[in-house]
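One structure is given here, and the rest of the page talks about it.
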Amino acid sequence: MWSTSLARASISLRSNTTKTCFGYSKIHRDTCLQLHSSASAMAALVIAETDPTRSQLQGSSLAAITATSQMIAKEEPQDNEIHLLMAGFSSDSEAVKKAKGIQQISKIYVVPSPNEATEKLFKYGVAEWMAPCIQYLQDKYKFSHIVAGASTFGKNIMPRVAASLEVSQISDITGVEGSDVFIRPIYAGNALSKVKCTDPVKVVTVRGTAFEKAVLKEAQNLPVEELSFTPETNASKCVKWLSEEVSQSERPDLTSARVVISGGRGLKSADNFKILEALADKLGAAIGASRAAVDAGFCPNEMQVGQTGKAVAPELYIAVGISGAIQHLAGMKDSKVIVAINKDPDAPIFQVADYGLVADLFEAVPEMTKLLDQNAKTAVHS
Ligand SMILES: Cc1cc2nc3c(=O)[nH]c(=O)nc-3n(C[C@H](O)[C@H](O)[C@H](O)COP(=O)(O)OP(=O)(O)OC[C@H]3O[C@@H](n4cnc5c(N)ncnc54)[C@H](O)[C@@H]3O)c2cc1C
């Protein structure tokens with residue numbers, strides 16, 4: 001059992017400084033369809049992340065909802081609720097309508113954006129803007145847990161939330177053993193630690209691939225509380241959203257794709273990633289990369305799989321020209337079937353692979369693509 005007291009001590013030091021910057025002079029609630037649940041029941045708050053079109057919740061948030069339902073199921077009384085914060089949305093937004101179909105949710109808070117500039121701050125989950133909003137809700141409703149996906153969005157916001165509440169953050173959990181006991185990987189996934197959190201509110205991020213996604217059904221008649229919110233902290237006044245550069249891709253999202261093909265330094269150049277693209281086209285796969293491939297400039301940062309990249313757990317993961325360093329394995333070893341192509345028979349990737357091909361990737365990958373093509377043609381003609 002690992003204690004969180006050390007982490008708390010260091011966070012408290014930082015939050016003492018941060019706290020002087022926080023203030024909530026312009027916060028008020030406009031409408032409230034339902035004030036409180038029963039007096040004895042508590043609620044957990046999940047911070048919603050939506051897709052780039054802002055029309056639906058990301059898989060990371062749906063997994064966070066499942067994890068949260070396990071946390072509150074283990075807490076007394078049993079009638080605890082999960083509330084969802086959808087910052088930057090109004091109550092009639094498409095994403096809010098869809099979120100009402102999540103059966104585990106009992107209430108939604110929406111925070112409409114007063115103008116385009118603030119919309120961007122909510123949309124991109126700017127921590128200096130989101131954290132005061134979450135702290136305001138926490139001061140008001142005293143949630144037992146505040147939970148988000150361990151995606152870039154959650155990793156950006158939640159440390160600031162934890163620091164401003166002067167509690168520890170429990171990061172990237174992969175299991176729930178109680179309302180305050182969590183499992184999380186350490187040493188790049190080589191060991192699992194069981195963490196008991198003694199803080200009054202548990203600030204938790206959830207590894208999306210470790211929990212089933214909450215299922216969307218028919219929209220329920222849920223209470224939606226609309227908040228009018230303009231943080232006036234020094235930090236939030238200083239921050240402005242400028243721009244983003246996103247590479248456009250027709251491929252499935254890396255973190256939710258059924259099949260992922262990742263390339264490593266063995267591909268030798270950005271141009272050579274085209275041979276992976278041809279195979280990915282045949283399999284409807286997303287393309288990932290090792291950090292060495294990203295650092296060498298073969299592909300953009302958002303394609304990185306691993307400890308400091310994305311965690312994926314597809315049905316099929318094909319590692320091409322990747323040695324299998326522990327930091328890479330940390331992001332993909334939960335894949336259902338792992339295939340490795342490497343010319344070095346001693347490459348560590350073969351220790352986790354279900355199927356290994358010791359071969360030159362520049363011969364093996366085009367050959368696989370050709371065979372898939374032939375099979376597809378045979379299937380059409382027969
Ligand atoms: C704090 C920290 C965090 C990190 N985070 C990550 C992370 O998130 N993700 C990540 O991936 N790494 C991460 N790393 C880096 C990691 O340690 C490795 O350096 C990296 O994963 C190696 O990438 P690679 O396997 O592509 O390259 P290499 O280790 O150089 O392996 C290349 C492989 O390609 C094979 N090969 C070469 N040519 C061919 C060919 N023609 N045909 C077939 N096979 C061929 C070689 O045999 C070799 O096994 C991190 C490191 C640190 C210290």
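Think of each number as a place in line: the chain as shown, counted from 1.
Cβ atoms are placed via backbone N, Cα and C, with glycine included.
Automated prediction, rather than curation, is the source of TrEMBL annotations.
Pulled from TrEMBL:
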DOMAIN    44-245  domain 'Electron transfer flavoprotein alpha/beta-subunit N-terminal'
BINDING   R265, 290-291, 304-308, 321-328, N342  FAD binding site
DSSP three-state call for Q304 (FAD binding site): helix, strand or coil?
strand
Relative to the Cβ of I322 (FAD binding site), which residues of the same chain, six or more apart in sequence, are found under 8 Å away?
S262, G263, G264, R265, G266, S290, H328, A340, N342, I349
Those residues of the chain, 6+ apart, with a Cβ under 8 Å from that of Q307 (FAD binding site):
A188, G189, I326, Q327, H328, A330, G331
Quick check on the binding-site residues R265, Q304, A325, H328: which one has the highest count of other Cβ atoms within 10 Å of its Cβ?
H328
For A325 (FAD binding site), what is the secondary structure by DSSP, using just helix, strand and coil?
coil
